[in-house]
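This report concerns only the one structure given below.
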Amino acid sequence: MFGAGDEDDTDFLSPSGGARLASLFGLDQAAAGHGNEFFQYTAPKQPKKGQGTAATGNQATPKTAPATMSTPTILVATAVHAYRYTNGQYVKQGKFGAAVLGNHTAREYRILLYISQQQPVTVARIHVNFELMVRPNNYSTFYDDQRQNWSIMFESEKAAVEFNKQVCIAKCNSTSSLDAVLSQDLIVADGPAVEVGDSLEVAYTGWLFQNHVLGQVFDSTANKDKLLRLKLGSGKVIKGWEDGMLGMKKGGKRLLIVPPACAVGSEGVIGWTQATDSILVFEVEVRRVKFARDSGSDGHSVSSRDSAAPSPIPGADNLSADPVVSPPTSIPFKSGEPALRTKSNSLSEQLAINTSPDAVKAKLISRMAKMGQPMLPILPPQLDSNDSEIEDVNTLQGGGQPVVTPSVQPSLHPAHPALPQMTSQAPQPSVTGLQAPSAALMQVSSLDSHSAVSGNAQSFQPYAGMQAYAYPQASAVTSQLQPVRPLYPAPLSQPPHFQGSGDMASFLMTEARQHNTEIRMAVSKVADKMDHLMTKVEELQKHSAGNSMLIPSMSVTMETSMIMSNIQRIIQENERLKQEILEKSNRIEEQNDKISELIERNQRYVEQSNLMMEKRNNSLQTATENTQARVLHAEQEKAKVTEELAAATAQVSHLQLKMTAHQKKETELQMQLTESLKETDLLRGQLTKVQAKLSELQETSEQAQSKFKSEKQNRKQLELKVTSLEEELTDLRVEKESLEKNLSERKKKSAQERSQAEEEIDEIRKSYQEELDKLRQLLKKTRVSTDQAAAEQLSLVQAELQTQWEAKCEHLLASAKDEHLQQYQEVCAQRDAYQQKLVQLQEKCLALQAQITALTKQNEQHIKELEKNKSQMSGVEAAASDPSEKVKKIMNQVFQSLRREFELEESYNGRTILGTIMNTIKMVTLQLLNQQEQEKEESSSEEEEEKAEERPRRPSQEQSASASSGQPQAPLNRERPESPMVPSEQVVEEAVPLPPQALTTSQDGHRRKGDSEAEALSEIKDGSLPPELSCIPSHRVLGPPTSIPPEPLGPVSMDSECEESLAASPMAAKPDNPSGKVCVREVAPDGPLQESSTRLSLTSDPEEGDPLALGPESPGEPQPPQLKKDDVTSSTGPHKELSSTEAGSTVAGAALRPSHHSQRSSLSGDEEDELFKGATLKALRPKAQPEEEDEDEVSMKGRPPPTPLFGDDDDDDDIDWLG
């Protein structure tokens, strides 16, 4: 009987029309004035009429009730296109409704965006500091209570102006006292903003602000022909206009709300002179502007309202009252407001159901408005049934209604279809017998005390048959009174609200009394109806007694007796129900007393909790501001630290590369030092042998004269052999050129490979740059959120990327090292092959040299010169022994100075180590230079005296002697930055009297070997050299290295050197020397030392096996490795000492020259010319050494360290490289 209407529960409170905003606030009662169709009477012929339709009229009566303090009203509502600002751009959310809601008594105003009445989108509380930023093209932006930026576009300019105007009025209403001018842009325009001193023509309209809205219009330019002209800052208008119109632009419109304090100017008010204490509202539009500032200045005075500054953080009272899923009619909870709840809800249900206070207030207001009004409408007069049937139906409905209604649960619908405003009407008396107790019973849930009443409803079942016979609508009506379940669950994230007020207990008591009176009235009506029914039954019995027969009369009497028994039973049950109702009413009063106590206690708790929440919200706000500031600071520091880390890693890689290069330099210098020591030992042995052979040469000189004539004939034969050897030499030169071409091709290949490697490195850098850009974007995203999990994830990602970066860098470094190692091994293999060829050429040259020396040893002039210079040999021996001791002394001095700079247990940076080593080497080098300059000055003075003595005796060899004596000091004097080129005349005149074949072959072999090694090593280092450098190859012979051959300074200087040497070649070549040009291009690495050793070897006896022939140029001796170009700076010290050895050997060679003159005097002129002609022509190669030494000394200043594989080596620019 009571469970047949479950299908219609969801439609009980559904609206009849669309989702209109007016249904939220009780403005659509005019459309619902026809009553609730569920409670209309229908004839038995139409039992189901109107059951499926929606009901919207159960709250139609109080539509004229005035508004109360707890009901929000709609100030303006319109349709907008909403955009939400996410990830740096506005994303369209669709077409929403936008409304400004306000409660004037509580001074609370809000902007609401909603999709429908059940789906609110966002809420923004309007306060004095709230900013609604107006944009062109009907756009406006604001921040909601969750600090989310929204942009809304109105469909028309009129709607935008009205909405903005209501927002400004709401800002004014939200404060109790207005102290400053409030302004709100209604329409924004482009162009410069007005400032103080500008002249304006404005159109305005002024209202008085009355009862929270715009009141009477007291002045306007709409009815005037001319606009108002004014000048800002002149004082002729009120202060509110002076302040409020700053920053406006031509064509812009603004709403100004001026308090009384700002409504008077220095010279009165503009269009009205009466004094007023009201707030004035102006709508001002700028029509024309004349700027006072110059036309060239471009200053823009923009007020704060035009900026995009975010609105302030919402107050503490908004944090818990406005969840995301709150209903659109929600108003934030505020301490001091009466939080009304339904009387019949139990405490557990009140705590479990998290409804917003606005919904509870709206329901309570609707219940109070319907107090004492009929639930059922007045029946129309055209019903077919008689009065008794109507009365019986009304009796059943009136008696059954209180039984059914307690089981109806309250609806948790977020937007009630009609929210009537509270009325002050008293309960009205019932008009007819169809009045129900109260409509408020339809919206409350049952208390435990009502369960008995609902259980006793089964006592009315005997009337079911009668209802089905005459009034089938009764069951349909009761079926509609089932509990209405909520149409959507309560919001899960919303905290429970605690409400309470002082007048709640009195209100509940009055409502309980009204319920009791209504129940008593209903019971009395039931008793009256029963008495009326009894009288009718008695009349029927009397009427049918005389007219019916026995059998019908017995059936009638049986029927009436059954009816009478039922009536008696009903009367007894009615008495029992009356007693139960009295007991329950007493129990309800007790429960009401308890509820009032609990409400008072709850009120105290609510006040305390509100205070605590306010304190917590304030502390949370300060904490969040502090944390945001800290996060920003931490992010800035993080960016700085990442930049420093990148710079540090780059510097570490550079220093590691430098450290490896210096380690290689150190090992090579140590090898060179050991080899130089071995070479000094060999020179000592050779010097002792030369002394022993001097005595033998005295004996053999007598035999040399007799053999001279025979050897003269042999000389012609040897000249023929020399020509053949020269042909072989040309062939070897062709081979040399082919090998040089191969080397150049290999250099080009290495250059291409290096360029490819650099391109790969550039691509890797670009990829790393893209990864860094992505990381920066991630950093920007993480700055918005303060979630710690996101920060940890970011740190993990950064750590992984850093490890990947380091792994990739190590992998690339290893691959680059492998490539350079392979190239170095290939060049070493080529060098070994060239060395083998060089050994073969040296053997041929040595054989020829032995034959030539056998001829020249027979000259008596050498014997006489050696006898004269015996006293000078002791100085030569001492000079030869000096280099080893000096080398030891210098290295010991370097070691001791470096040892003082470092401690064994300390760790040092690579930059500091490099700088210390460079300073130490520089200091030792400068000390040696000072000593060497003194020695050079002494030796040069002695040699000049010797040259002065030899010039009258040797006119043909005057230039040769001067060049040989002066040339050894050239490398010493030119050891510092200036190193000019050696003149080609000296190269030609510095000739040793040897046959051209030996010198050509030996020097060509040395040149090839030096070429192969120097170019191979330079190819490893630089990858490619300019083609001009092929004309000046690097040479090396067995002997103490005078300098470490570096790479020339550049292609320009080498071109000039080649051009000078080639230009001097015609002067160097004699008429009978066909290979003069080639000799100019050949450069000897160790000119002075080779010259002296060659001159000493001239006196060896051919019968003794020529022990000196293999001394300086023995192919079996290991030759010192040629260092790289960047190792020049580390070899300054040993080079200086070995230069002293050259000076000593040169002195010995100069001492031998007088013997040549004596020998020449004993011979005839023709024979002498024939003997020394060819040797003089070919003597160019040994003296080309100063030119190369000059180049070496220029490069002694040091070339910068090699460019690292990764990154720019800008950090090393500040190191003064030995300069």
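Using N, Cα and C of the backbone, Cβ positions are placed for all residues, glycine too.
Among the residue ranges 41-66, 691-716, the one that Swiss-Prot annotates as region 'Disordered' is 41-66. Per Swiss-Prot, the annotated phosphothreonine among residues Thr405, Thr1203 corresponds to Thr1203.
Of the listed residues (Ser1002, Ser1097, Ser1140), Swiss-Prot tags Ser1097 with phosphoserine; the rest carry no such note in the record, though that does not show they lack it. Local packing around the Cβ, expressed as the count of other Cβ atoms within 10 angstroms, is greatest for Ser940 among the modified residues Ser619, Ser940. For the region 'Disordered' (739-761), the number of residues in each DSSP class (helix H, G, I; strand E, B; coil) is 23 helix, 0 strand, 0 coil. Rounded to a whole value, the Cα-Cα separation of Ser940 (phosphoserine) and Ser619 (phosphoserine) is 93 Å. In this model, the region 'Important for function in growth cone organization' (72-169) carries an average pLDDT of 93.
Residue counts for the region 'Important for function in growth cone organization' (72-169) by DSSP state, with H, G and I taken as helix and E and B as strand, are 13 helix, 60 strand, 25 coil.
Classification of Ser619 (phosphoserine) by DSSP places it within a helix.
Reduced to three states, the DSSP call for Ser940 (phosphoserine) is helix.
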